[in-house]
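Quick look at what TrEMBL annotates:
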{"type": "TRANSMEM", "residues": "B:66-86", "note": "transmembrane segment"}
{"type": "TRANSMEM", "residues": "B:93-112", "note": "transmembrane segment"}
{"type": "TRANSMEM", "residues": "B:132-148", "note": "transmembrane segment"}
{"type": "TRANSMEM", "residues": "B:155-180", "note": "transmembrane segment"}
{"type": "DOMAIN", "residues": "B:235-264", "note": "domain '4Fe-4S ferredoxin-type'"}
{"type": "DOMAIN", "residues": "B:309-340", "note": "domain '4Fe-4S ferredoxin-type'"}
Amino acid sequence: MVDVAVLLSVGRHPVSGRARRAPTDARALELALSLPPGRRTALHAGSPDSPALRDYLGMGLAELTVLAMAEGRDPTDALLARLRALSPAPSILLTGNRAEGGEDSGMLPYSLAHALGWAIVPDVVALTLNDDGSAELVQALARGQRRALRVAMPFVVTIHPAAPAPRPSAFGPARRGRITVEAVDAPEDTALAACAVRPWRDRPKRLTVGAPGGGSGGALDRLRAATEAKAGQGRLLVGPTPDEAARAIYDCLQEQGMLPR
Amino acid sequence: MIAAALSTVTLTVLLVGLGLALVQARRWRAGRSAKVGVWAGLAALPARYLVDVHEVVGRTPFNARFHALTAGGFLASLALSVALALPPLRHPLLWGLLALTLAVMLAGGMMVGYRRRVLRPAELSGGRFSRLPLALTGFSAAFLLVALDQSAGGILPVWLVLTLVAVGGWGLAELVFGVWNGPLKHAVHGALHLAFHPRPARFHDGAGRDTGLRPLDLAQADAPLGAGQAVDFAWNRLLGFDACVQCGRCESACPAYAAGLPLNPKKLVQDLVLSLDDGSDDRAYAGHGHPGRPVGAAVTGPTRPLVGADALIHPDTLWACTTCRACVQECPMMIEHVDAVVDLRRFQTLERGATPVKAAGVLEELRATDTPSGRALDRRLDWAVDLRLPVLAAGETCDTLLWLGDGAFDLRNQRSLRALVLLLRRAGVEFAVLGAAELDCGDVARRLGDEATFQDLARRNIQTLEARRFRRIVTADPHAFHCLRNEYPALGGRWTVQHHSAVLLELLTSGALTVTRPLDGPVAYHDPCYLGRYNGEIDAPRAVLDAIGAQRREMERSGLRSRCCGGGGGAPLTDVVGERRIPDMRMDDARATGAPTLAVGCPTCTLMLEGVVEPRPQVAELAELVLTATEPTP
Amino acid sequence: MTARRRDPRAERAARVVPTGGPRLRLALTASDSAAPASGRPRRDPRARRADATVQTAPRLRLDWSGKALAAPATTSAAAVSPAVAGRGVRAVAEPVLRVIDAPACLVFAVLDRADGALSALDRQVMAAARLLADALDGAVVALAPDGPEDWGPEDWGALGADRVLPMPAAWAQEHAPEARAAAVGAAMARWSPVHVVFPESQDGGDVARRVAAVVGERLFAGVESLSAQCVARRAGGGSRELSCAPPRLLSIAADAVAPLGPLRHEARPLDPVAVACAPRLGAARRLPVDPDGVGLGEADFILSAGNGVTDWAAFADLGRALGATRAGSRVVCDAGHLPRDRQVGASGMVVSARSYLAFGIAGAPQHLQGIGGVGHVIAINTDLHAAMIKRADLAIIADAQAVMPALIRLMRERTHG
Ligand SMILES: Cc1cc2nc3c(=O)[nH]c(=O)nc-3n(C[C@H](O)[C@H](O)[C@H](O)COP(=O)(O)OP(=O)(O)OC[C@H]3O[C@@H](n4cnc5c(N)ncnc54)[C@H](O)[C@@H]3O)c2cc1C
Ligand code: SF4
Ligand code: SF4
């Protein structure tokens with residue numbers, strides 16, 4: 001038996017801007033649902049009306065507790081109080097490594113871990129429980145690399161996008177799942193309030209950039225990038241000898257930093 | 001005495017058979033309730049049998065003949081045998097009549113034997129069916145001898161005649177008890193299924209075609225979401241499955257089966273039949289299975305999960321179907337395989353969230369963006385900025401509303417849409433598009449079982465369309481065509497919807513488009529399932545090709561019996577592995593015609609067939625061909 | 001050398017202000033500007049604004065092609081250097097040593113230095129810290145694992161570090177986020193920096209958040225644009241931009257700030273701080289990852305085959321020789337030459353590798369949809385008109401079967417010879 005709490009936020013589709021499950025939060029829930037049996041507590045701090053909450057229930061979660069608060073509030077204390085009130089206390093707190101839709105700073109799990117006095121491990125893709133109350137975690141690093149870690153319970157884990165994909169959300173369970181709303185008092189997020197907010201406009205990167213990393217901006221971006229005419233930019237070698245061709249490829253890869261030196 | 005013996009044997013066997021049939025009926029009566037016009041159905045039964053069933057059976061004349069002989073002879077001989085129970089009727093003339101009907105039946109029975117023993121079509125099931133010819137000929141031959149003897153005044157010794165009655169009685173029992181669980185089950189169940197069919201409108205006494213899926217009641221929180229176990233199907237659906245004769249016509253027509261995907265529609269129907277038995281398995285099934293899938297591994301039961309890795313139906317089987325309706329088109333028992341597939345998928349998607357990964361991703365994008373590929377709606381017209389398409393705003397009016405569909409987001413299909421737009425302009429058709437207000441029609445969501453997303457999209461599209469006035473909707477996408485024309489009406493949206501092939505034909509015949517450069521070369525035409533089988537439109541595209549001077553060549557399997565390109569029902573998304581790809585097989589059909597051009601009338605077909613590795617015929621959309629052929633001469 | 005030798009410890013001791021608490025504070029600004037004890041000349045405010053302009057207008061040097069290499073920035077560090085005052089910007093080749101003796105404040109640059117190497121992002125963090133410090137007459141303190149042997153103050157100085165606070169060299173190899181965070185926290189307590197700049201790398205971002213949690217302050221995470229007056233980052237799922245005056249704790253997203261060209265700063269070492277930390281994360285170790293075991297979506301370097309490849313042994317050898325993850329078009333996966341999960345494209349995987357080396361792939365639309373996020377494409381094809389050739393950054397019209405062995409040979413020569 002292992003009791004697990006999961007923090008779920010509302011994501012935002014990059015193209016339509018519509019509310020959806022936040023991709024890494026959904027992966028955190030997926031991991032929680034695939035751990036050995038035990039209590040699963042799912043918490044969301046924010047508006048209880050977001051349709052995206054049902055998407056989490058549709059994954060087979062029976063109940064989701066919403067700490068109802070207005071936008072722009074700092075959910076840390078409310079979540080902390082709610083987590084402390086859980087009895088028995090959970091031994092694992094799971095969440096995505098980055099929300100999408102709020103401040104998106106990835107700070108919340110750290111603040112909670114610090115306040116609870118728990119260890120925290122970010123960017124986890126796999127979790128196995130040992131018999132001695134510890135767990136083996138696997139962290140995703142850049143370029144498909146992996147790092148294993150051991151940590152004793154209780155701990156906080158944030159989930160990386162490379163973790164197993166979340167199961168799809170189904171209509172039936174989403175409709176049946178319970179949303180329990182608890183109104184809480186949350187202070188205004190002053191740091192956020194001090195910031196100027198405006199719509200994001202893409203600006204070109206200043207530098208020659210390598211891989212844009214895992215997250216891509218949706219199918220449209222991919223299509224645009226895939227189909228945009230690149231003619232005239234590439235270098236073309238017609239009918240070189242195999243050795244010339246090999247050297248050209250080698251030099252090119254070297255230049256890209258793909259080859260061990 | 002002989003007459004009494006014969007009629008008693010016949011009556012007894014029939015009564016026992018009736019009892020067994022009633023016991024058997026409990027199985028399908030366990031299904032959900034369904035709205036059925038009982039009397040109207042029963043009244044329509046004979047004509048449906050003679051017209052609709054015969055149309056299907058008649059596609060193989062040999063089968064039609066032996067059916068007429070066997071079934072006609074059998075029914076008549078039964079009636080006459082029962083009549084012999086009345087002493088006044090025991091007249092040599094009646095015996096002679098009986099002999100005649102039995103002779104007819106014997107001839108039919110021998111044809112059945114010839115087919116099963118000599119022709120041996122591979123798609124036929126064996127098992128209990130193998131004994132059928134013996135039972136048919138045994139019954140008819142034995143009773144024939146008795147009837148001949150009696151009409152001649154009784155020459156044979158009585159013990160021999162009684163033995164013959166006994167032999168005939170065995171044959172009859174074999175046949176009639178088959179109604180309970182054997183080959184002749186189909187006779188009774190088939191008849192009841194014709195009467196209580198879930199789609200009465202498909203018969204000649206209705207609209208003649210009925211292909212739109214039925215909406216689920218989503219407003220009712222406890223209404224079932226598809227079928228997860230056998231008893232989740234309506235009783236008349238279960239009755240229909242039970243009517244299956246295992247003739248294997250669906251198996252021969254199924255593109256997935258032909259490509260070695262793990263789906264055999266006949267076995268699928270039998271899986272549903274078998275699942276009505278508790279605690280059994282599918283070992284007794286004696287036909288071809290789902291390619292690559294073992295039999296005998298799963299336990300059956302009316303309330304056991306039907307679909308799952310260890311269940312009777314493997315998920316790969318379920319998701320391999322392209323919903324092409326080739327099986328439905330061929331089934332002599334009028335079974336609706338696609339409805340069953342979609343019902344099963346609905347449960348998997350709506351209750352279990354067990355849609356295959358890529359397909360689930362598409363559904364998620366669809367919910368978040370209203371497009372299957374996660375595009376921004378306001379980019380639907382990006383390809384056509386230079387064409388300055390008029391956008392119909394709410395409250396405005398136009399003649400023709402052009403429904404662009406998802407093809408507008410695809411480079412290849414943008415080419416054919418562009419051709420269509422230029423043709424409409426050339427012909428002076430006043431048209432407009434919806435622009436960003438056009439959402440995906442919901443076709444793929446619905447075929448993948450996501451009824452909730454389909455209905456959401458459909459409702460919003462209907463709202464958009466209701467707020468505008470137009471004479472007709474025209475689309476180049478048969479899937480959108482089918483949704484708008486056949487499936488939106490159930491949700492309240494009714495308009496005149498046309499496929500662009502019909503519109504192009506209209507423009508060519510009215511002279512609005514004139515052929516200046518006839519095509520002058522062989523062209524093969526591939527019928528899209530959702531245009532042909534779903535909507536019966538197989539003539540207009542051909543007439544268009546003829547009008548632009550193409551030397552049209554028919555492929556193996558065309559028209560209403562066309563083979564799917566593999567693109568329907570979300571199959572490219574579920575992407576179940578087989579031995580080959582369905583479009584490769586279809587392209588082989590095209591290659592066999594020798595035509596250098598393969599004309600298509602569907603964006604999905606275009607993509608699927610162009611995805612076949614070269615060398616192959618070039619794939620051209622109808623509008624593209626018409627555009628070149630009607631280029632104004634300088 | 002224009003600088004005299006001095007005793008940094010004595011100087012620091014002289015600046016310590018008793019606070020009555022456990023924290024040390026350095027008296028900097030006021031006394032500094034009132035009495036330039038170090039003999040630094042007064043600075044020309046206009047020149048300073050000019051500096052800032054150059055540095056805060058990162059949009060001036062745009063690289064749309066994504067190809068030009070970042071030219072060394074001709075920063076105006078020299079302009080504030082007494083040695084070159086009045087002579088304008090000097091050639092970058094020989095920067096003059098700049099000593100900031102009595103900084104008005106301190107700016108921490110907390111560097112990853114993973115595996116002992118300085119990443120591009122680490123350099124960008126130094127540049128960001130430099131920019132913030134210069135605007136405040138402050139000094140940059142580089143906090144990084146010590147070593148290696150051949151890395152000395154000149155190297156730190158060349159990056160723009162006025163001070164260096166070394167951390168245990170072992171942390172460069174070990175995974176010690178908790179200890180690193182504790183060390184940064186202790187250093188912050190001791191020197192009260194006005195800004196602490198972290199790299200928004202995976203491990204750097206982790207340390208940054210740990211520090212923020214411990215000191216109870218907000219982290220402005222993943223800065224995408226930076227000036228002395230304003231920092232901005234993406235929020236709201238990428239839809240919104242949040243901006244504010246540079247806060248105390250900030251982390252810099254990759255490629256948001258241009259690294260500085262060669263500088264010469266003093267890089268005076270500071271005393272290491274003592275850290276007490278009982279780490280709770282243990283037994284950290286890298287898991288061996290076979291290139292072909294890497295999920296295609298995460299792979300960095302993909303070697304991909306299409307229907308034009310027939311020599312599958314050579315293809316496999318080439319994959320091993322290059323250390324690349326193997327993949328293919330649908331046709332080759334269908335044919336069973338590669339497993340299905342190695343298929344790139346619309347119905348396979350969408351990849352975002354930095355390099356995609358494609359042999360004998362035609363480049364069907366469904367395939368190209370899978371490589372939209374790829375940084376650099378090399379295509380080898382016999383058909384000049386293949387779509388893949390158009391998409392490629394380096395396109396070679398040649399027979400795959402001939403080029404693969406040649407490339408294997410070349411790889412072997414270069415690695416063994
Ligand atoms: C719904 C759908 C989804 C699809 N999804 C995908 C997908 O996810 N991924 C995918 O890859 N495809 C996908 N396809 C298939 C796609 O359309 C193409 O058929 C496929 O990508 C072609 O693969 P290819 O380039 O390897 O083969 P080909 O088209 O046969 O091309 C081979 C290339 O190799 C070149 N060549 C031949 N000999 C040599 C030689 N000796 N040396 C060098 N070059 C040589 C030829 O010039 C040619 O350009 C999909 C298709 C459909 C319909
Ligand atoms: S489902 Fe229909 S076509 Fe298929 S085997 Fe049964 S009766 Fe024949
Ligand atoms: S609809 Fe088509 S693919 Fe599906 S079972 Fe019937 S014939 Fe096969």
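Note: Cβ is positioned from N, Cα and C throughout, glycine not excepted.
TrEMBL annotations: computationally assigned, not manually curated.
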Inset, instruction - Would you mind listing the long-range same-chain contacts of the transmembrane segment (B:93-112), meaning Cβ under 8 Å and 6+ residues beyond its ends? - result: 62, 65-74, 76-77, 80-81, 83-84, 132-133, 136-137, 139-141, 143-144, 147-148, 150-151
Legend entry - Residues of the parent chain within Cβ reach of the transmembrane segment (B:155-180), under 8 Å, 6 or more residues beyond its termini: 1-2, 5-6, 9-10, 13-14, 16-17, 20-21, 23-24, 74, 128, 131-132, 134-140, 142-143, 145-146, 149, 187-188
Inset, instruction - Please work out the mean pLDDT for the residues of the domain '4Fe-4S ferredoxin-type' (B:309-340). - result: 97
Inset, instruction - List the helix, strand and coil residue totals of the domain '4Fe-4S ferredoxin-type' (B:309-340) as derived from DSSP. - result: 14 helix, 1 strand, 17 coil
Inset, instruction - Helix, strand, coil: count each for the residues of the domain '4Fe-4S ferredoxin-type' (B:235-264), based on DSSP. - result: 17 helix, 0 strand, 13 coil
